[in-house]
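Enquirer: Swiss-Prot lists these features:
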- S147: active site, nucleophile (ACT_SITE)
- D169: active site, charge relay system (ACT_SITE)
- H242: active site, charge relay system (ACT_SITE)
- 145-149: motif 'GXSXG' (MOTIF)
- 1-21: transit peptide (TRANSIT)
Amino acid sequence: MAAMVDSKPAASVQGTPLLATATLPVFTRGIYSTKRITLETSSPSSPPPPKPLIIVTPAEKGTFNVILFLHGTSLSNKSYSKIFDHIASHGFIVVAPQLYTSIPPPSATNELNSAAEVAEWLPQGLQQNLPENTEANVSLVAVMGHSRGGQTAFALSLRYGFGAVIGLDPVAGTSKTTGLDPSILSFDSFDFSIPVTVIGTGLGGVARCITACAPEGANHEEFFNRCKNSSRAHFVATDYGHMDILDDNPSDVKSWALSKYFCKNGNESRDPMRRCVSGIVVAFLKDFFDGDAEDFRQILKDPSFAPIKLDSVEYIDASSMLTTTHVKV
């Protein structure tokens, strides 16, 4: 059976600014209350999901675009609850499968095939599990992934007609020479032209244990540079690490341990990082899905509107091949 949890917008405190400096609405919680729905493969829905799912959706009446989210290496999909809630509160339905739970993870090919099964389930299976009067626009779906899930998101975009792809510190292996299979970074250019946003981290390439969690040669820069046919944006969260988009204390013990001790983390609160990532995702999709470009273009023009420091912000418009670069000192 599906389980639902309600979440309502937090009440604001009059006269107390949420941020120390000016910001944009996308970096704060949106206008919609949200519902979190959990679905197991044993669900009586027809067809049942091929993998356990978390769905976070606006609770109000409306038609909303869909984001398929793919979790990071051996992490629980429950570990991203703050980001899911923020994005859904701005009018998106987030569908997050638990592709696997094992350490070490399965082969990247098996992970890709599992993600493909969920993508194929969406048109037939998603709508019947949503609240009454909440409609999913499955004709316009974005795929988004973190870490190794970012690699899977890009690989899936080479196979299916998604509306956009988003990589959150995507990783394609432990080094340039030990990539995952399928090795999509072996391509000089990805064979798609859909809009792309890639958000990297400044500390992802810094080793804490044996190796860095997002090593140079297999990280966000490599993915961005291969999107040669797409309108594409690139952001780097300078002072944050690979796991800093997760909840503060993931409920899953394994995810908690990986989050705290496996990767180099930033020294500041994770909340501004999560709000920054969520806000960029919302602004990007509002631009390319809804035609509302104001917030996204404002972030590109002046990254200081973000709640954290962003370096080397770059945007390339495929229609004109013009490049806008903003290096924040």
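Yeah, the Cβs are placed from backbone N, Cα and C, and that goes for glycine too.
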Enquirer: Can you tell me whether DSSP puts D169 (active site, charge relay system) in helix, strand or coil?
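Expert: The three-state answer is coil.
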Enquirer: When the pLDDT values for the motif 'GXSXG' (145-149) are averaged, what is the result?
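Expert: Mean model confidence (pLDDT) across the motif 'GXSXG' (145-149) is 96.
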Enquirer: Could you give the Cα-Cα distance between the residue listed as 'active site, nucleophile' and D169 (active site, charge relay system), in whole Å?
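Expert: About 5 Å separate the Cα atoms of these two residues.
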Enquirer: Where does the residue listed as 'active site, nucleophile' sit in DSSP terms: helix, strand, or coil?
Expert: coil
Enquirer: Where D169 (active site, charge relay system) and H242 (active site, charge relay system) are concerned, what is their Cα separation in Å, rounded?
Expert: 6
